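Novice: Questions regarding the structure given below will be posed in turn.
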């Protein structure tokens with residue numbers, strides 16, 4: 001019995017010792033775990049502080065890089081971009097610096113340094129504009145000098161223009177108008193609604209009205225009239241008609257006519273120099289109106305002999321074989337009543353022109 005009790009007590013003591021050992025080991029383990037947890041906390045805090053310091057250093061490095069970039073960038077950049085970069089840099093610096101230093105940096109960024117850059121950019125931007133505008137200013141006087149040098153070279157042209165403008169401008173304008181010739185036409189009259197009667201001709205489906213003045217007023221009655229030729233020069237709007245002519249009505253040829261006459265032109269200029277020209281003038285009509293002769297001769301004189309340039313007076317004399325003559329005065333337009341006069345074209349002997 002004693003042995004059993006001794007054995008039981010020894011077993012109980014062994015169990016107690018093992019439990020104590022396990023308790024101690026568990027407590028030791030718990031202390032180790034707590035110590036590791038405690039150790040880990042400061043290490044995490046240290047790592048976070050290191051990261052914050054790294055970010056602060058990186059931010060300061062970026063601000064320094066931004067400042068160096070701003071100093072290296074050309075002065076032609078706009079001031080608002082620099083302000084934006086500085087404000088962004090100041091925002092980054094807020095993480096690492098205290099509030100007082102942030103206010104200092106903001107005040108520094110608000111200082112008139114960008115204004116100096118703006119003034120420099122404006123001065124530099126205006127300088128190339130002045131360089132661009134200077135070449136036209138240097139070139140502008142050159143054409144003025146050329147015009148001054150050109151004007152004394154043409155006094156005769158100016159004299160001709162001043163002479164032509166008051167005296168011969170209207171005559172030159174009239175005798176350079178286009179003329180129209182129509183053969184074998186049919187003429188008819190309408191009821192007169194003006195003081196002058198008109199013969200109507202329709203060549204090429206267009207109506208031309210011809211005023212019957214002078215001898216034509218009695219020669220042509222109610223009509224109609226067939227086989228007539230007309231020489232048309234459109235006149236000004238005298239009778240409230242857009243397109244009309246005066247005179248120039250003749251009979252159509254009964255045979256072909258090629259009658260050459262001598263045309264002699266004598267011209268005396270303002271300096272007293274006299275020039276003479278002799279040529280042939282072709283007559284192709286049995287009956288020809290004074291309107292057609294006068295207009296065609298003056299137009300030829302304008303084109304070949306500068307009539308109504310600086311000279312515009314003189315006469316054109318149509319001499320007939322029977323001793324008669326018809327005179328056109330160059331300083332005035334042929335009268336309307338004479339535009340209706342008709343002569344025998346084959347009876348013309350010669351034509352004399354005197355221009356002065």
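Residue numbers in this text run from 1 along the chain shown.
Every residue, even glycine, has its Cβ placed from backbone N, Cα and C.
The annotation compositional bias 'Basic and acidic residues' is assigned in Swiss-Prot to 69-104. Look at Swiss-Prot and you will find 114-141 tagged as compositional bias 'Low complexity'. Swiss-Prot lists 142-164 with the feature compositional bias 'Polar residues'. Among the features that Swiss-Prot reports, region 'Disordered' is placed at 61-165. The region 'Sialyl Lewis X-binding' feature in Swiss-Prot is assigned to 228-326; the stated evidence is experimental evidence. Here Swiss-Prot flags 1-30 as signal peptide, drawing on sequence analysis.
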Novice: So, by DSSP, how many helix, strand and coil residues make up the region 'Sialyl Lewis X-binding' (228-326)?
Specialist: 16 helix, 45 strand, 38 coil
Novice: Over the region 'Sialyl Lewis X-binding' (228-326), what is the model's mean pLDDT?
Specialist: 93
